[in-house]
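**Q** The domain 'Ig-like' feature in TrEMBL is assigned to 16-104, 118-198, 201-298. Look at TrEMBL and you will find 303-324 tagged as transmembrane segment.
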Amino acid sequence: AGFIKSPLSQKRLTQDSIELYCEAIGSPIPEIQWWFEGNEPNETYAQLWDGARQDRVKINATYNLHSTSTIHIANLTSDDSGMYECRASNDPDRNHLSKSPKVKWIRSQANVFVIERPDIKAEVSGVAGKLVLTCNMTEPYPAIEGHEWMHGDKTLKTDTESSAFTSYTIEGKMEEHSGVYECVYKTSPVIKGQVTISVPPQVMAYKKSEHGNEGDTGVLTCKNPSFPPVDSWVWYKNGQQVSAPIVNGSGRYIIMSSGNKTVLRILKLNIEEDAGDYHCNATNSYGFGGATVNLRVRSRLAALWPFLGIVAEVLILVTIIFIYEKRRKPDEVLDGKRCLGKSNATNHKDKNVRQRNAN
């Protein structure tokens, strides 16, 4: 048995790609082949192989317990429209040039329609503090059942209008909303256009002020959230001229830049040499931008000062208490003796008075 695990009829646009998947089950394990018949009247089936059609055809097959095969066709043209056939057979004579195989080829088919891609004119304009994105699709085009506006994975707007023209309005400046926007036409197949808002790099420091201890590694980071991505990053220190940028790998500097992010690492921080302002400058095809990061380097003992201050306060407090107690105890003893003597004198006086009265 053999079958194609893909829709039996598929529509694609020129320049798109398509993939068909076929499975075959049998004992012994059958071989899978791919064949194609075009839409021309006199065109007959021809076998497809990996690398056919100027290397636009890729075929992958596995034979383990059962047979599986996938055909992928890239950058479709109108000539790729037609019937694609998956054939499977496990007869030993299946590929013999003169013998007819005893077991016939099992076949499964899928019809592919490649439609000429309509042209979409995309524009962006700024009007009174607003950005207006527009798409206009030229004829001929399939029936339109609505539109969507997308920014990445986020849906910004959707409607059910059948017009070839669609627009989306953004409040704000271009620098705040740069990126790639898609206008999606709900057709069969779906047709998409792109509107790009491009600006010079809008560089931001991850932290405007960084702190590091002497001897540790300082890490300074800058990023660019705007579009298009940065082509090159350059770091400077304390307002150095363009002729003297920080070179990656020189001295104690390590620079790691990838697209819209750059990181400067300074090994074994030194208070006298490394403290100050660092500038990260970015350049793309629309201009350049930069940001400043201030680096403060603290002594390695700086973290101990609060602890030492607390210890000193405790020692002073204990000393004051000890001195106070030392000076107060003799006074208390003397006061006790005086009180005791006065009490005895009073008792003796009372005793004498009683004796005289008794006499």
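Residue 1 is the first one shown; counting continues down the chain.
Every residue, even glycine, has its Cβ placed from backbone N, Cα and C.
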**Q** Give me the mean pLDDT over the domain 'Ig-like' (201-298), rounded to a whole number.
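**A** Per the prediction, mean pLDDT sits at 91 for the domain 'Ig-like' (201-298).
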**Q** Using a Cβ cut-off of under 8 Å, list the residues of the same chain at least 6 residues beyond the transmembrane segment (303-324) that approach it.
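**A** Distant Cβ neighbours of the transmembrane segment (303-324) are 213.
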